[in-house]
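Asks: Please find one structure pasted underneath; my questions will follow.
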Amino acid sequence: MAPTQPQTKVRKPPRSWDALTPPLAQWILDYLSSMGFTQPTPVQKSCLELFRGNKDVVVEAVTGSGKTLAFLIPVVEKLLRGEEPAKRNHVQGIIISPTRELATQIYNVLVSLVKFHEPSAEAISHAKSDEKRPTATQPVVVPQLLVGGTTKAAEDLGTFLRLSPNLLIGTPGRLAELLSSAYVKAPASTFEVLIMDEADRLLDMGFANELNRILGYLPKQRRTGLFSASLSDAVERLITVGLLYPHKITVRVKSLKDGGIIQERKTPMSLQMSYLVTPASQKMPAIVQLLEKLEPRPQRSIIFFSSCMAVKYFSRILGAVLPAGFSVTSLHGKLEPKVREKNYERFVNTTSPMVLLTTDLAARGLDIPQVDLVIQHDPPTDTKVFIHRCGRAGRAGRRGLAVVLLQPGREEGYVQLLEVRQTPITPLEKPAISVTPDEVERVSAAFRSQALADREIFQMAQLAFVSWTRSYIEHQASSIFRIADLDWLDLAKGYGLLELPKMPEVREAKIDRSLGLGINTEEIPFKDKVREKKRQEELAKWKEEKAKRAQEENTGDKRKKNEAWSGKAEQEETKLQRREKKRRKREAKKFSEMTEKEKEEHLKLEQMIEEVRKRNEAKAAEERAAALAANPPKPKAPVKKVDDSDEEFGGFDD
């Protein structure tokens, strides 16, 4: 009989999913395989080892490191490990997110995961039914999404009672509101786990009160996971209140700097972060070249702007100059929730090259797959946001490029500032970008022609430029981003302006607001015939009132020649009051005839201009006070008072 050969034990790769202890369920491995995730990221490996072992965790990891699965897998395992299903209307887990987009994204990832767990997939299939979900015979994961803008609070409660979910995912306000209902129960005997995702942003957005309310509804004996890209003092205080003896997980990426020095990076190695120095008028032509020349051609690109109005404006006009095959969509905080959701889904699911124009709304948390290119048209006012903007590309090991556009001069100092903050960026070398004067004129002319054809676009351009100026003034790195160093004419060309807005900065610079174009902007019509008809009627009234005022003033001038000096000051004051009253009346009437959108934009513009005016007045007052302190006026010589009390007139002599 041949001797039995000893069996060779197959060793599993140390970084594979199979190597985790305890091992993952087979259905979870099937999901990971179907998604192409061959091995866990460092944050996933560290988190799964601790969080699955009944320990609270605080996870600080770079953007795009795979935090979502790092907490979803342990949460699902905790909810399924019981012997019996959760009682009806009893919540076992909660995931808090700062924005509806991020909450929706987490919900969708969770649904795609638990579809591989047959009992949970069967339970979730009843989500769209009007009848109550049948009671499960074994533990399942049934999530409910709670975000504002799509449903009302009463509808959320109705869905909860019908579906009986055991895992809630949503924004702080909606979660706190649902938990306040007597029908929603989260006792210590049932509740398992709380997740706070993007915790620093939750606090930055002012959700501290809602978080405290939520914590008040939950038992202290629970597992808690706090996930964030950075840990601020406010987050540390939240950790003290919300977690018991947490284990801190910090995942850094290290790269070799010139000279062989190892330095920490706050972004994945797969992400290249670069800068391009270019005048304002060349920014858009440079973006067009970047999209044309980048190999392979970017499928999904994101361009960040400093304001909602800039996103709104450029999303209307940029399509005219983009390379063939590219489309444009937008995402910002002023959009209706349903429009935001539609645009987000359109960008995520696009099958052709698309450019998303957005504000810092999309800078954090949104895990948009396969973003190839991020361009920062405007550097963020808060340098901490820079890294999160860049992190939209190069996620989950995919190669990505992030480029920030800087104007020549002081703005180039932004590179050194980022290096000090452990966010080094390098000059963009590939693809080589070289913009000619002809390209600048072509792009600017394309923008201006659209503004000439539609007054709505002309007005958008004015509002966008004012809001950009406001954000530039408020930049934290004010020594680098100085309003006094700006080339207003070059900026106007970059925005495709037909005239500069009425702003104190433009007035102080003593620039011709017409830009030498010789365009009468009052004659630019609305494409919408109804709006144009209304505008013409208002314009006719205004001209009539102006002529009437001029006639009244002319008549008044003639009367002045024959008037006595006495009483003129009082008459002038009365006239000014009457004139101001008429002006306010006209403004009120004009405002009342505006659409809600026009009213909102008008108020924004007035508020912006007023804030800028106040700041400039305050600055001027400080400068006058400083000048007065440096050169105080000489004191005047005292006037000697003559005492003539003894020389009182006593009458004439006889």
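From the backbone N, Cα and C atoms, a Cβ is placed for every residue, glycine too.
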Asks: Under Swiss-Prot, which of the candidate ranges 117-120, 197-200, 221-224, 429-432 is annotated motif 'DEAD box'?
Replies: 197-200
Asks: Under Swiss-Prot, the annotation motif 'Q motif' belongs to which of these stretches: 17-45, 133-161, 249-277?
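Replies: Per Swiss-Prot, the stretch marked motif 'Q motif' is 17-45.
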Asks: May I ask for the residues of the chain that lie six or more residues beyond the compositional bias 'Basic and acidic residues' (589-625) and have a Cβ under 8 Å from a Cβ within it?
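Replies: Distal contacts: 309, 459, 462-463, 466-467, 469-470, 473, 502-505, 508, 534, 538.
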Asks: Would you mind listing, in sequence order, the residues at least six apart from Ala61 (ATP binding site) in the same chain with a Cβ closer than 8 Å to its Cβ?
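Replies: In sequence order, Pro42, Val43, Lys67, Phe227, Ala229, Ile249, Thr250, Val251 meet the Cβ cut-off.
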Asks: State the three-class DSSP label for Thr68 (ATP binding site), counting H, G and I as helix, E and B as strand, and everything else as coil.
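Replies: Helix, per DSSP.
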Asks: Across all chains shown, how many C-beta atoms besides its own are within 10 angstroms of the C-beta of Thr68 (ATP binding site)?
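Replies: Thr68 (ATP binding site) is surrounded by 22 other Cβ atoms within 10 Å.
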